[in-house]
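TrEMBL has this to say about the protein:
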type	residues	note
COMPBIAS	201-211	compositional bias 'Low complexity'
DOMAIN	29-174	domain 'FAS1'
REGION	185-211	region 'Disordered'
SIGNAL	1-17	signal peptide
Amino acid sequence: MVLTLAALLALPTPLDGAHPAAPVPAPAPLNITAILVNGTNYNTFIHLLRETQVDIQINDELNDLANAFTIFAPTDAAFKSLKSGTLNALVQQDQVGLVLYHILPRYYSLDMFETASNPVRTQASGNHGAYTINVTTDSNMQVNISTGIVHTRIAKKIFDDSQQLAMYSLDQVLLPYDLFGPKPPASVPPTAENAGGKSPSGDSAAAEEGTSGAGLHGMGVRWSLLVGGGLVAIAGYLF
């Protein structure tokens, strides 16, 4: 009996950490509108994201870890400070472009803006250098943003997962120079000697249509095709 007890005592006892660890739950998928709701004071921008369906596209893209974005979210006060009718004057495609103009197609922490190469492309940028912003930092590491029309700075950080998504609050709406800058002068009517009864070529006619949405025609995104009639509701919501 003594030997048997000694043998039992000699058996190894299981260590506290020998049990298999419970699987770590996968992180919840990123949802940009949910983040903004928690941040409060971004109701107008949330509405724009939803009406244009840009929020759906960004959330879907974020499911792929290879994709990353930086989003500038104007506050409700920023939208209220716009001149009355500013957004209503935009055609549907340009309203989509305005939303995409507040999204950068890569992740930027606050420190990374210090080495950003200007001009910085946005999700609305086309192949012709349109719809870009300039970013600078001052001695206090304050991040300044210029569109050529609006000059503002990042007010605060809303969200940053250090990898895929950073969201920053703005006190002003970013107005693209391509939409709100000076328009080129109207073309001079043809003179009698060169009119000749000929109609303008296809290229000339297209050029005379204006530059309002020029930067959007070549942008590498497909979201402007998905908005349907949702943008009609924006005018009634905002102003």
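Cβ coordinates are placed from backbone N, Cα and C, and glycine is handled just like the others.
Remember, it's a predicted structure, so these values are computed and weren't measured experimentally.
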Summary of DSSP states over the domain 'FAS1' (29-174), given as helix, strand and coil counts:
46 helix, 36 strand, 64 coil
Average the per-residue pLDDT over the domain 'FAS1' (29-174) and send me the rounded value.
95
